[in-house]
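Chemist: This is the feature table in Swiss-Prot:
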- 2-296: domain 'FERM' (DOMAIN)
- Lys60: N6-acetyllysine (MOD_RES)
- 115-120: motif '[IL]-x-C-x-x-[DE] motif' (MOTIF)
- Tyr146: phosphotyrosine (MOD_RES)
- 244-586: region 'Interaction with SCYL3' (REGION)
- 302-462: coiled coil (COILED)
- 306-341: region 'Disordered' (REGION)
- 308-341: compositional bias 'Basic and acidic residues' (COMPBIAS)
- Tyr354: phosphotyrosine (MOD_RES)
- Ser366: phosphoserine (MOD_RES)
- Tyr478: phosphotyrosine (MOD_RES)
- 485-564: region 'Disordered' (REGION)
- 507-528: compositional bias 'Basic and acidic residues' (COMPBIAS)
- 530-539: compositional bias 'Polar residues' (COMPBIAS)
- Ser535: phosphoserine (MOD_RES)
- 540-564: compositional bias 'Basic and acidic residues' (COMPBIAS)
- Thr567: phosphothreonine (MOD_RES)
Amino acid sequence: MPKPINVRVTTMDAELEFAIQPNTTGKQLFDQVVKTIGLREVWYFGLHYVDNKGFPTWLKLDKKVSAQEVRKENPLQFKFRAKFYPEDVAEELIQDITQKLFFLQVKEGILSDEIYCPPETAVLLGSYAVQAKFGDYNKEVHKSGYLSSERLIPQRVMDQHKLTRDQWEDRIQVWHAEHRGMLKDNAMLEYLKIAQDLEMYGINYFEIKNKKGTDLWLGVDALGLNIYEKDDKLTPKIGFPWSEIRNISFNDKKFVIKPIDKKAPDFVFYAPRLRINKRILQLCMGNHELYMRRRKPDTIEVQQMKAQAREEKHQKQLERQQLETEKKRRETVEREKEQMMREKEELMLRLQDYEEKTKKAERELSEQIQRALQLEEERKRAQEEAERLEADRMAALRAKEELERQAVDQIKSQEQLAAELAEYTAKIALLEEARRRKEDEVEEWQHRAKEAQDDLVKTKEELHLVMTAPPPPPPPVYEPVSYHVQESLQDEGAEPTGYSAELSSEGIRDDRNEEKRITEAEKNERVQRQLLTLSSELSQARDENKRTHNDIIHNENMRQGRDKYKTLRQIRQGNTKQRIDEFEAL
């Protein structure tokens, strides 16, 4: 029994390990990977590895894994990566898993600066990446520092601005909050829709020379072949759409492209190594096939996948609506609960107030009763004193009468009688005055007793009103509401230093529609506004001395009103011969 070979395949978000047989082909391994991760849009992807000479290479699907120049490690190391890119992510990517893999790969390319991204776009993309990971911003959950361990912005951008890590995070948090209500899958798609407008997005660059020996870059992407000057990867100078190319071939380091226009000369360039031409050929064939496929009616398989994706998306929308409805119901219940708690607290406070008023009234009533009792005792004492004085007065009157009788009946001396009479008269006058004072005092005490009695009656009435008032309604009871292109490539064949491939352009429709495109920022007013705001904010903190060569090129393109698609239209102007002549003249 042959010994199995251990293989590790790293996707953008997982590591997969397999044991394969020595005769396992690249396609069998590839199929095992896509089956494991549930991917059906297999035509974009491939297995990438570093060969035993240290060059990056794509695994050939029609050859045994063990027969290819994979670096001998245990386990063998492969990366599952996008090899080809769609022209328009919103129109072409069907499955969520496909969208996620592209999102993660493009994000890594931007963060590592393999894809140049201007600062304001980097911050906006960072906020979409946060929405894709965390969902809606919630200040109760996403406390300060929740982004501290996240890679969100290219280091180049951070170095160019006088902002701390916290200040970068604050800016991204503000834009994260703006994406409220956006599904995570939709945030990934919005990220890709903006990223695909970046000049270096989806392009494989190769060092080449023209016949004059000028060092240039060849850019191979989903739309065709572009030529760049050596010091500018952002602005292509000449472009050839796939629909203009009928044959591609190479012999050793010489690469020949034959245009459909037979009056035009061959487009010839030279690569530094044979293996570079092999990679260019593979990418040209694969991208051309996808370019043609997109311009023909969808296959039954793709139609079925799109129908299934629409159904799944519709189902997700229904689930989202249900979740939103449930969330709103919960929020309503919470608000009602909070309202009831507030009302309960208010009622409790009112009840406490009633209790305090009742206790105060009872205390006042008790004090008034005590005061009334004291007044009553004083009144009684005054009355008793008045009665005693009245008795004394009456006795004095009787004595006076007696003396008068005695004055008549007895013979006393005039002086003695007069003296006694004067004495008793003075005494009677004093007693009469004392009696009047006591009567006035009795009247005063009777008046004060009457006032106390009136206060007592009033207090009893107030207490009766408080005690008989209906109690505050009890707080309401809270009741919770229940609730991948398959490469049609063969190996290099018997001739290891050359290969030729015919590129058919028959049966396609609207072959240059990409030239009509505009950027996401141009067609989406919200994105345009966000980018302008960010650009204005960042300009105040930018260190102009740290601008890179790409920054200078990008800013100049912006100043002249150029973008990816306007440049594309410009570099494809004129016939094929004119553009090939222009290439040779570089």
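Yeah, the Cβs are placed from backbone N, Cα and C, and that goes for glycine too.
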Chemist: When you rank Lys60, Ser366, Ser535 by Cα distance to Tyr146 (phosphotyrosine), which of the modified residues ends up on top as the closest?
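Modeler: Given the candidates Lys60, Ser366, Ser535, the nearest one is Ser535.
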Chemist: Please work out the helix, strand and coil residue numbers for the motif '[IL]-x-C-x-x-[DE] motif' (115-120) from the DSSP assignment.
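Modeler: Helix, strand and coil residues of the motif '[IL]-x-C-x-x-[DE] motif' (115-120) number 2 helix, 0 strand, 4 coil.
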Chemist: Are there residues at least 6 beyond the ends of the compositional bias 'Polar residues' (530-539) whose Cβ is under 8 Å from a Cβ of it, and what are they?
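Modeler: 119-121, 123-124, 161, 171, 175, 178, 521.
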Chemist: Please report the Cα separation of Ser535 (phosphoserine) and Thr567 (phosphothreonine) in Å, rounded to an integer.
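Modeler: Pair distance, Cα basis, whole Å: 22 Å.
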Chemist: Which three-state DSSP class does Ser366 (phosphoserine) fall into?
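Modeler: Assignment for Ser366 (phosphoserine) reads helix.
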Chemist: How big is the Cα-to-Cα gap, in Å, between Thr567 (phosphothreonine) and Lys60 (N6-acetyllysine)?
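Modeler: Pair distance, Cα basis, whole Å: 35 Å.
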Chemist: What are the helix, strand and coil residue counts for the compositional bias 'Polar residues' (530-539) according to DSSP?
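Modeler: Grouping H, G, I as helix and E, B as strand yields 10 helix, 0 strand, 0 coil.
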Chemist: Among the modified residues Ser366, Ser535, Thr567, whose Cβ has the fewest other Cβ atoms within 10 Å?
Modeler: Ser366
Chemist: How many of the residues that make up the compositional bias 'Basic and acidic residues' (540-564) does DSSP mark as helix, as strand and as coil?
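Modeler: Within the compositional bias 'Basic and acidic residues' (540-564) the tally stands at 15 helix, 1 strand, 9 coil.
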Chemist: I need the CA-to-CA distance for Tyr354 (phosphotyrosine) versus Ser366 (phosphoserine), whole Å please.
Modeler: 18
Chemist: Across the whole of the region 'Interaction with SCYL3' (244-586), what does the mean pLDDT come to? Round it, please.
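Modeler: Computed over the region 'Interaction with SCYL3' (244-586), the mean pLDDT is 82 on the 0 to 100 scale.
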Chemist: Report, as a single number, how many Cβ atoms besides its own are within 10 Å of the Cβ of Tyr354 (phosphotyrosine).
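Modeler: So the number of other Cβ atoms within 10 Å of Tyr354 (phosphotyrosine) is 14.
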Chemist: Sort Tyr146 (phosphotyrosine) into helix, strand or coil using the DSSP assignment.
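Modeler: The three-state answer is coil.
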